[in-house]
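Student: Here it is: the structure, laid out below.
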């Protein structure tokens, strides 16, 4: 039997704490051996161990593994250790620098290209594109880094799906266990990320969530090693999240990536905060009030703006708490008590609606030629007010909600789609007939009605969570 001396010595050192029998014992020892070889640097041709258990190389490696993964350091193959070893994880080893690869490799530039070479069949292409884009955004939010996607040629980060042996001499192992692996920054295959296509990739909490795994692997592509902090994204063992909408990096992740690239710097693409005198005390409008509702909600360059009366909260992944400002401190001509707001990302423009008029802004700039009549969009004259609006980047469509109906606008053709309006209840079951605001995050749509918020999965076509409107404020 290949590796028999290793397995015999492993059993001598660690069997006593994990009662196994026959083939089960052999299987457990083989799992341990491979785990220590793959992730903790155990030599594959170990022929001699000292007879004293607490000084054997195997016991020391078990203790090293237990310490890193946050387990009790028994030096034995106990049930907690065995359970954790069977959980899905990243294929990158755990030994090395605490938060970065040895030598701290990093990209020597702040703008990095990526390319999605091929796609899994588990998800629509647009869902894969969105998951990768959001995963990179997680790191972009806390660094000076920016990312752009190319469709052909060699990118800094090449992203692909593969099974078993796939050309890098580190084969995948089929469903479960190793989910993906990635390489540190550098030329050639360095920086690339590979995903095991034998997994069942999803964009929700069933199966293996592509966004969460991609965010972890792309951390490696940027130079981060595994973290021993179980709360960190860079912890090696996969942890499913039931609240993808409020996902944020741990401080450990932020400290690690900023040790390589520094904190984010303000640029023309970032909304600059006004002077302190224009920033308000949130107690002016209690953001954690159970009765809080919003006039409109929109994204703006990766942030989320929550509008209420003359004010708005600005929520960014960079800060745990939202800022609170007067609308006029950013955009003096915009109306208060607006009806709806939405961002068209490929135009870098946010549109504000009140009554039968529409305004347009780009960062701090209020665009010339506005306000215009909402009827220039093709809405009928009978519509004098929009309740809520959202533009979906993948579809290049904008949805306008009016009472219990909605219209759909084609951003590419710049015209209303035929066969609209349609009933909200038929296309968004469970949402109800009153929509105050809506925006998209992490592949879900968030509909606001009064002080309530509904998380809607557009792929499943159903409501997945009922939340308070201010759940984004850590209340």
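Even glycines carry a Cβ here, placed using N, Cα and C.
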Student: Per Swiss-Prot, what member of 204, 252, 348, 387 joins 295, 436 in binding Ca(2+) 4 at one site?
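Tutor: That Ca(2+) 4 site, as Swiss-Prot gives it, pairs 295, 436 with 387.
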Student: With Swiss-Prot as the source, which of 80-87, 88-95, 96-103, 104-111 is set down as motif 'Cysteine switch'?
Tutor: 88-95
Student: Among 122, 129, 253, 255, which residue does Swiss-Prot annotate as binding Ca(2+) 1 together with 197, 199?
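Tutor: Only hit among 122, 129, 253, 255 in Swiss-Prot's Ca(2+) 1 site, alongside 197, 199: 122.
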Student: Taking only same-chain residues 6+ apart in sequence, whose CB is under 8 Å from that of residue 217 (active site), what do you get?
Tutor: 90, 180, 181, 182, 193, 195
Student: Among the recorded positions listed here, 118, 190, which has the most company in the form of other Cβ atoms within 10 Å of its Cβ?
Tutor: 190
Student: Could you work out which of the binding-site residues (173, 199) has its C-beta surrounded by the smallest number of other C-beta atoms within 10 A?
Tutor: 173
Student: Around the Ca(2+) 4 site (295, 387, 436), what further same-chain residues have their C-beta within 8 angstroms of the site's C-beta centre?
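Tutor: Apart from 295, 387, 436, the close residues are 294, 296, 339, 340, 388, 435, 437, 448.
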Student: Validating a neighbour-count step here. Other CB atoms within 10 A of the CB of residue 295 (Ca(2+) 4 binding site): how many?
Tutor: 22
Student: List, in sequence order, the same-chain residues at least six positions removed whose CB sits under 8 Å from that of residue 387 (Ca(2+) 4 binding site)?
Tutor: 339, 340, 401, 402, 403, 434, 435, 436
